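Visitor: This is the structure I have questions about; it appears just below.
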Amino acid sequence: MALLLRFVLLCGVADFARSLSITTPEQMIEKAKGETAYLPCKFTLSPEDQGPLDIEWLLSPADNQKVDQVIILYSGDKIYDDYYQDLKGRVHFTSTDLKSGDASINVTNLQLSDIGTYQCKVKKAPGVGNKKIQLTVLVKPSGTRCYIDGSEEIGSDFKLKCEPKEGSLPLRYEWQKLSNSQKLPTSWLPEMTSPVISVKNATTEYSGTYSCTVKNRVGSDQCLLRLDVVPPSNRAGTIAGAVIGTLLALVLIGLIIFCCHKKRREEKYEKEVHHDIREDVPPPKSRTSTARSYLGSNHSSLGSMSPSNMEGYSKTQYNQVPSEDFERDPQSATLPTAKVAAPNLSRMGAVPVMIPAQSKDGSIV
């Protein structure tokens, strides 16, 4: 009896499972960054599934630190695609009629943050089904640079390097010689699939153009390199030239500093001499100022005499102003000073003053 009951239950579960089923198998998808990922989700319904159709896509981030996020939802004949901010505007249903049995989506412009497990859930009561898809976003190799590390001289050792700027691991490398003899040296063969080729005791046969191709599961990139193995340069002459050039530069700098210092000292000396001349040499006196000072002193002497004391003095006419020539010429003819008797001024309280006489030519003596 118990065995029969168990058989009936198993049959009922099987019938329920066949009511709604997702035909797309679980799978892993790898895409390159920037591309579009197609995530399939096909389903079939049975006549028993009479409830409203609900479709839901969830994302479980790869870092396992975030809870499952609803990224797009179909319910009540409406689409809601603004649940998850990181995928807003980049996730869409591929079918315009979801009731036809296609709940697949496209995720455009893939980013590394889109890596994770995507789950498609379809519900139409009483049927329910879900499938998971693992999405991996890889970065194509790009910005690959080929260069030579060392001196390209005969007999020297150097390295050929191939370095991509970015690219998801694992990366595969492939070297090829494109010019001259395309045969590669036997010693290089073990390193033709590595990012670095070590060259020992170089010869001119190694000269030519080489290519390096970098690949991963989602793309590839390539760079070119030109190798010219040349005879060793005259290092002694190069060193001597560098030393001589350095010495000449030092001499030139010394001359410039000396000239600047000398010019500065000359300017300082000229300023000091000019300043001393201004302080030591007084300005010359003009003839007009000399004459005016002479007349002023005479008028002040005459002004101290009263009209009553002027009667005993001769009234001399002052028609000329003494000139500098008269003061400078000691040999010019002069007349003796006319001595005029003056009254006794001491009794009047006045001070006697000597009045200059006038010569025949009108000059004052």
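Every residue gets a Cβ built from N, Cα and C, even glycine.
Just lifted these from TrEMBL, have a look:
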| type | residues | note |
| --- | --- | --- |
| COMPBIAS | 269-282 | compositional bias 'Basic and acidic residues' |
| COMPBIAS | 286-315 | compositional bias 'Polar residues' |
| DOMAIN | 33-136 | domain 'Ig-like' |
| DOMAIN | 141-216 | domain 'Ig-like' |
| REGION | 269-315 | region 'Disordered' |
| SIGNAL | 1-19 | signal peptide |
| TRANSMEM | 239-260 | transmembrane segment |
Visitor: Could you tell me the mean pLDDT the prediction assigns to the domain 'Ig-like' (33-136)?
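Guide: The predicted confidence over the domain 'Ig-like' (33-136), as a mean pLDDT, is 93.
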Visitor: When the domain 'Ig-like' (141-216) is classified with DSSP, how many of its residues are helical, how many are strand and how many are coil?
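Guide: Computed counts for the domain 'Ig-like' (141-216) are 9 helix, 33 strand, 34 coil.
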